[in-house]
Structures are given as structure tokens and as C-alpha cells.
């Protein structure tokens, strides 16, 4: 159809997008299309194989490739490119596979905060990540008690080693052992060693693993790491003696050379790497950005034994050092490196070697020594990781080479590709099995799906009279050659096996059709590498070494030092006579086949999880996407095969609740009135898609054939577009009516103005006359008033003077009589007071003597009662205390007991009482460490007790607000500042535990309530989630909502208030909770691309407003809790704001001050449109924002630290309650206390 978009092949980009410009009719030979650059093109088509359709833009950039409506190679390639280049996301799911693209750049997505964010989460709930795969394996192991395997594969430089390292780090972090052995640290410590001795720089990768590795991490019944074991496969021994241009030998050699001057290595007599033949072949001994000496320090931490095997030169000086270090006979080694012994039935002949033969003998010896040393190191690692007791379960991490094809492919590539054939067969069968189980679980009829079966290729290699057996057979012949073996292959397989071919232009090569591609192998060197021979005489010399480790390497029956190390003595390729009890040696190929079979048995007995590492370009440029290279690897690693299997049946699968939420806009009111959502979905789908063969209804999901989701999206977009047009029509009409009324009102106003001008002129004249009259009359009245005022003041002055003089004369006459009366009355009063004072003093003396006697008798009894009071108060339960009492009543009672001890001046009693009080509080808090109400109660009372000690300490700074009555109750004899510090520390401990309990209670609600729950009805952000489903349930009533969070906050608040917690402490606790809510929500948003949409921003902003309203309702605006939500609020704003122009970028930079540059860029890259009306953020816009933020000095950290605690302060708030007025309720059962 016209305007549909399709994919057509392209030589540069593999596929390019085009839009159909003319309807295609059956029988047309050309498809009229327009490319994205505007080029018109008549593309020739085959009616039986039309170009694949492109997915709607709304489905591009999905977390899971299986969520795409059209599943094919161009759709997969485009989705990966959009995620990698535009969104800077390196992980993508493809069904059960995690596709990991190497970014060639350090990313802030592997910290402990990220690990904890993925821990406990379902695999589809968060963005794709290597930690999500590790968590899924760990969770399935714990849930099903079944062993797991994580298979990491990919070509050199794709990031396999790093991915395997991160999975091991994840297990070590989430399952730390409780013992002091720190087993998880030992497991991680093995990586630097194996990378040093088994990794090297190649043209494709600076840290390429040159061996396969399967690490089995063992767990106990509590699913904590107890040990590990490592198996290795096919070490590239030829690298020891030869490296191509711009490549290096194994890292350990260069680390040793760089550390040659260190004291511990001086006895090895090392020098610069440029001095040794085996380390300088590649031409460059240094890797840019790598410090070999620093890496050696890291390697030394777990290395116990190192040897000097840098390469045996033909010079006598190096040979002499070699013999000295290994304690060998120099003369014998000199002779037999240059001569060989030939034994016949009649005589023994010693024959000098040619120079090439001597070099081969030297190289074979070096390879054999290094191979044994490598196996020895692996065995030592395994010994260090051994564990006592029984292994309950294990998780295996397989880091193995991917499919390889070079210009020249030899024995190593043959073995590597053979291993990948075996792994691909296991993968195909597992995918097929999962697909069948999904159909059976959903009660959908299972139809046989055709998938690529590579068993014939495996049979070609390993079956009887296959390639490997013919190779071993040729190796046993005295005069076997590569050419004779190749001729046998030609005779057995050419024109007889379709998977084997003979090159047209070569007689020294053969071609095998592997599952990924055709590979041409050059036969030269196959026999030599398969035999792995070392001359017998040289081995006998090494057996005689006085260096025990070296001698043990070459014994006939050495102790096995690795599960796959060679225990067979390797002999000369020439026919020699041997005793009859000697066994024939095993070839490299047969050993590899045996180890591979054991590996496959192990993998088949576990639940596999697949990680496919992809190399985006060969230049190691960050976030550069070479479509050709990526497509080649996708075909080779099985991703496209998974897609093909899914696409054959029903690739798109939605839960009923997802379908209902997404397409409720297409439902009629009558359909929505039904209560059963599942039934609604069935009715709607039957109405929208007439062909019932295009979908199937399962128990929990709806299965769609390819293209049906795209069709539903088109219907939904059309409905939304029609609604938008209707809204626009009404809004535009309203705006025009508003404009008309405004113009009409303006015309009326102008008319009123001109009509009123004439009337106004007449009124102004009249008003001017009245004003003149007013001022004239006022002047005359004021003049008369001033004359009258002057006359009145004069009369008053004379009258007041006369009266004052008369009063003064009278007072002068009466003054002398008053003085006489004063002295007489004072004498009488003093006499009466002296009589009363003598009487009262006698009475007081008698009373005080009686009281002192009574007090001495009761002192001992009171001391023990106070101790009982202290212990009893410590175990009071808050619910029985807080009702109708003053805040901190137990604290006031405890202080009154302290004051009594101070009154008695009894230091022992005071010390004992306070110690018992503090120990009692500690014990109660320890026993109720998860009881929020008890913690709240004792936090409040500890705080009040501390304030009482300050208020009545007698220190001036704490007495400013005291009443005179309270000042009389201050302590007289003791300074308790030391105990105040102890109580302050105790209060901080209680507060931290109090915060932990609140956080543990509310944390499970945060993400479901703040992020996932749709509080704004009608604004849904759900999209298809592919193979990884968040939920398969129809009923979502049990999930947490925003109301759950608000109810939990209200419970915390009411409990704190009931227990009388100080308002400032309460505000600090609320601020800490709000910080946690904001941090957890924001961290989850960073790791969930599906949540980064405009509509989700509206939901988050709405939920924040609910929290702000709650603060206002509780009168907590001054707590600064709202400010802790500012990063989340800015993130919500960023999701909603326009992101197109330079002004938009400037506004973002000015507004988002609480977000770091990394966080802003992450949100912009993760922004995901929900509808066709929204647009993705252009990469150029993201770069523009990033450039504007370059001057910011912020921490390059993505995740917020959810464990961060604000510093707590305990403000001094004096108690307004006088101690004399405090009453002890009878409910306290403290009747033995009496007020003194």
C-alpha cells in the first residue's frame, strides 16, 4: 500500500528504509519507493518475497526485540542501532538472550547502587542489564533448587570477559558469605590472575581471552557463596612463540618485564620486553593506557609462584639463565636442543638438526612448559577456592570464544567453531523447548516449528570417520602429513556431504558450511598442533630438574592438576620403540572433544541463560555502529535464529491487562461496562480483527501473528488523531468566540466614551464653581475661629494660675503632721514583728527535727525502689502510656529520681540509677529493633530525659527559659555532662534504627506506588513488553498504590505524634523518608526506559503533588522534605518539556539544577514516545545539552545513594511542666514511689 514503509537491501548499511510512493499490484515487477534522503527508486521485487515491512516508530527502541510487531533482520538491526547510537543503551533482550554491545567506553551503570537496584527485581521490570540476567539466574536457583548456567559468547573484542566478570561480581555482592573466609572476594580475585596468564593484546582487542573458561560458583543451602571451581579450554599455546603484527604475548610476560627491577624479581634476571624474542614479535610491547607494572601489583596479590618462561633464545646467555632458574643440566640441554635421537631396531643414531628444526624444538618446549604452568595456576586457584561441606547448588559462568572466521583459518579456529556448533545446537533445542512450554502453559495448540538443525555439521566433525577421527588417525602414522590427511577428507566428503566443499582455487584448504557462515580452513599445521609434540629427550632432561615444580610437570603419571589438564606423556612424532605398558598419547583434538562433551553434559543439566556480546565496530570507537559487522555477528550468535523461530508462529504476546490498558480507547461504552476484563479483550479483538487465525487467546496472554500489533497501533493512532481533531475544532471555535466577544466589548467601550464626553464637560464646569465657593467660605470661617481661640486661651491661663497657687499653700500646711504619724506607726510595727518571729522559729525547729529523723529511716528503702522504678519504666509499652499524659512522662519520672539522688548527695545511688536506666533502654531497643511504635516511644523519652538533664543542670545557657520555680529544682551536687553525652549517642542510635524500620516498611511501596501505579486515570503509559513480562495477572488490586504510601506516612506521623516526639525530630524523620521516596523512584526511572515518557512524567508530577499536599495537611512545610523531591520533580518536568530547539536546551540546563549532567543525558537518551504524536529526542539535541552542561562541576554519578542519612540534630526544648505538678498515673503501677 502507498505510504507504507519497507526495508530494502543496501551494500553499505545492509538495510535501508524506504517509503512506498505508489500502490503495488500483483504482478508488478517494480516497487516504487522513496528513500529517506529523498531519492526516488524503482526497486525490482519478487512477488513471492516482497521487502519486509518496517515497524511503526512507536515500537522502535524496545527493550525486547520480541515486542516488535514485524520480526526480521532489518527490524532487529534498526532497533539495536537506535538503542545503541541514540539512547546510549548497550543491553537489549531478544527473547531469552541478552544482547550486549561493547560501548568501548566506561559507563556509570555497574556500581553497587545499580546492583542493589536490580537485586530482587523481576527480569522484565527493569531495563535490560547483565545484572538482570545474573539476578534471574540467582533467583531461579533459589526458587527451584536447580543449578544454573550463564553462557557468555561473542567474538574477540566483544566484551565477553568483562560481562562474565560483572556476573561474578553481582553474585559476590548479593550473596556474601557470613564466614570470615571472604570466599566471594577470592572468587573475584581469581580474575586478575587468569587474565594475566591467559589474556593478550590482539588486533581486535587489547585484553582478549585466549582460552575458554567455565567458572562454577558453589552455594550453600542459604544460597551464599562457599567456593568455586574453574575449568579451562583450548589455551592458545602458539601465542607463546609467535605473535602477529601489533599483537602481544600473554600479559604476564610484560608485567614481569616491567617489574624486573623490583627486589622480588631480580633473581629472575629479567630485562625490558624488547630484549626477548617471544615478547617483541608484534612490534609494540606497550598497550596505550595500560600500566603493566601496576597490573603486576594486582596480580601479585594472589600469585604464589611465577617462573621465567619469557622465551628461550638461541643465545647461550639466555639458555644459561633458563637452565639456572629451572636447575637443569646446561650441557645436556645445549646438546638436545640442537640434536635429535633416532632409535631403530638395530641402532641409535644422533643427528644434528637444521636451524628450522632446532627452532621448532625450542618453540615446542616453550609451549609445553607454559601450558603446564597455566594448568598449574588454574589448579592453585581451584585449591584456594575449595570448600568444606556439601555444595547445595551452583551457577556456572561460561566465558568462551565465539564463532571465528579470518583470512587464514587454522586448527584453533576449527576447534573454536566446533565448540560453537555444539553450543548452538544446545541453544536451538533450549529455545525450541521454551517456545513449546509457553504454548502448553497458555493452552494454545502447538504446531511444529521448523528450526535450523546443525547436528549434521557436528556429525561431519566428530562422528565415526569424521574430520577429527581422520585427523587422529593420520597423526598415528609415522609419515603422516597435512596433505595426506586433506586428501582423505576430499575422498570421503567431496560430493558426498553437502556441508563439505573443496575450494576451486586451492588444493591445501577445505570449506565447512557452519551454522553461521562458510569457513575455509588451511590444512597446514593441523597435524603438528593436534599432536602437540615435544622431543622425548628434552622431556627427560626436564624430569631430572631439581626444581620440584618443573620436574612434576613432566612425570609420566603426575598428580592431576586440573580437570582438563593433560596427564599423558607427550612423545616424539618419530617412530621409537616403547615398552608395551606405555599408553598411546591423546591428541589435542580428542582431549578437546572430551572436555567439550563434559561441558555440554553440565550445561544440559542446568538452566541456561544466554549473553551474546556484539562488537559494534573494528576501530574500537565509542558508540559507533557498523551495521555490516553487527549483522554478521547477529547471524553467527543465534539471535536471528531465535527471532526467526518466534516469527513463525505468534511473535507478539500481550497480557490481558496490558491489552486492556493500551487499547481501551478502541472499546465502546457497552464493552467497558462489563466487569470481566479478559472477556472485554476477547470481544474487542473479535470486532477489530475479523480473521480469527491472526490471534489466539491463552490463559493469561493474547498471542498475535506478525503485523497485527502494528495494525492495532494504526487503529489506535487513527482514533487518537480523530479525537485530537475534534478537540482542536472546539478549541479553535472557543478561541474565535472569545476574540469576537473581546472586539464587541471594545466597540461598546469606545461608544460609551464618546457619548459621555459631552456630559462630562458640563459637569466639570459646575464642579469648578462649587470648588471655588468651598475655598472662599472656608477662609472666612477659619479667620473667625482663630480670633475666638486666642481669647479662650488667655482666659484659661489666668484661671489655672490662680487655682495652682491656692493648692500649694494648703499642701505646705499639712506636710509636718504626716511626718510625725510615719515615725510613730513604724515603731509599733517593729515591736509586733519581733514577737511573731520568736514564736515561729520555735515551731520550725521542732518540725525540722521530727522530719530529719523520719527521712533517715526511709532512705535505704527508697534507694532500692528507685532502681525497680527504672527497670519498670524501661519496659513500659507505649500504648499504655501515651493516652492523656504529658509528652515524655516516663522521662520526667526518671529525672525526678535523678534529682532525688542529687538531693541526698549520694553519688553511688546516682551513678547506679543512671547506668541501670541507660542499660534498660538499650535492652528494650535491642529486643524491639523492628517494632516501630516501641522505637518511636523510646526515642521520644530518651530525648526528653536528655533535655531534662540539660534544663535542670544549673548551666546558664539551659536555664534561660526556666521559671523561678523550675530554677529551684536544678541539680545541686553533681555535673552530669558526661552522662548527657552517653544519652545523646544512645538517642542517635535509636534514631538510626527508627529510620531503618520506617524505610524497610515503605520501600517496597515506592516504585509500584510512585512509578508504576497510574494515579491519573485515562493516561496510560503501557507498551508491549515482549518475552520478559512484568505481570501475567488480570487482577491488579493487590499492588501498592499512591494511597498505600500516603497511608503508611500517615501511620508513621500519627504514631510519632502519639508518642510525643519533638516536632523538630519528627520533621527530620519525614525529610529522610521523602528523600528515600525521591531517590528510589528516580533510580528506578534511570533503569527503566519504558517509564521515560511524557505521560509518566505527568503521573510522577501528580504523585509528587499528593506528597506535597500531605506535608501541607500535616503542617510540615518547614521540614525541607519537599526540597528532597526536587531531583525527581525536575526529572518529571524534563520528561514533559519540549526538547527540540536551542531555547529548549538552554531552559533544560537552567531548570534542572538538582540533576547531574549524567542524569540529564540518561533521561534524554531514554525518553520513549508512547504515541505517534510524540517524537524521540534527537541525538544532536542531546549533544547540545551535554555541551551546555560541560562547565558544571558535579559528580559523574548516575544513581542516588538511597542509604544516605542526613545528619540528625537534637534541639534543646525546655519542658514547660513544673516537676511539682507532675502526677504519676495509677496505670504505671508505681505506687511505691512517693513525692518528697
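Cβ coordinates come from backbone N, Cα and C, glycine included.
Note: TrEMBL annotation is automatic and uncurated.
Record note: among 596-618, 619-641, 642-664, 596-618 is the stretch given as region 'Actin-binding' by TrEMBL. Residue counts for the region 'Actin-binding' (596-618) by DSSP state, with H, G and I taken as helix and E and B as strand, are 9 helix, 8 strand, 6 coil. Here the region 'Actin-binding' (596-618) has Cβ contacts under 8 Å with residues 80, 84, 94, 96-104, 130, 133, 136-137, 140, 144, 146-160, 163, 167, 204, 214, 231, 233, 396, 398, 402, 418-419, 422-423, 426-427, 430, 624-626, 629-630, 633-634, 637-639 of the same chain, all six or more residues outside its ends.
Residues 102, 205, 208, 209, 402, 613, 615 surround the recorded ATP site, their Cβ atoms falling within 8 Å of the Cβ centroid of 154, 155, 156, 157, 158, 159, 160, 161, which are themselves excluded. The most crowded of the binding-site residues listed here (156, 161) is 161, judged by how many other CB atoms sit within 10 Å of its own CB. Taking a C-beta cut-off of under 8 Å and a sequence gap of six or more, residue 158 (ATP binding site) has these contacts in its own chain: 100, 102, 402, 613, 614, 615, 633. Other C-beta atoms found within 10 angstroms of the C-beta of residue 154 (ATP binding site) number 27, with every protein chain shown included. The Cβ of residue 160 (ATP binding site) has 28 neighbouring Cβ atoms from other residues within 10 Å, across all protein chains displayed.
The average pLDDT for the domain 'Myosin motor' (60-717) in the predicted structure is 82. Remark: of the binding-site residues 157, 159, the most isolated position is 157 (fewest other Cβ atoms within 10 Å of its Cβ).
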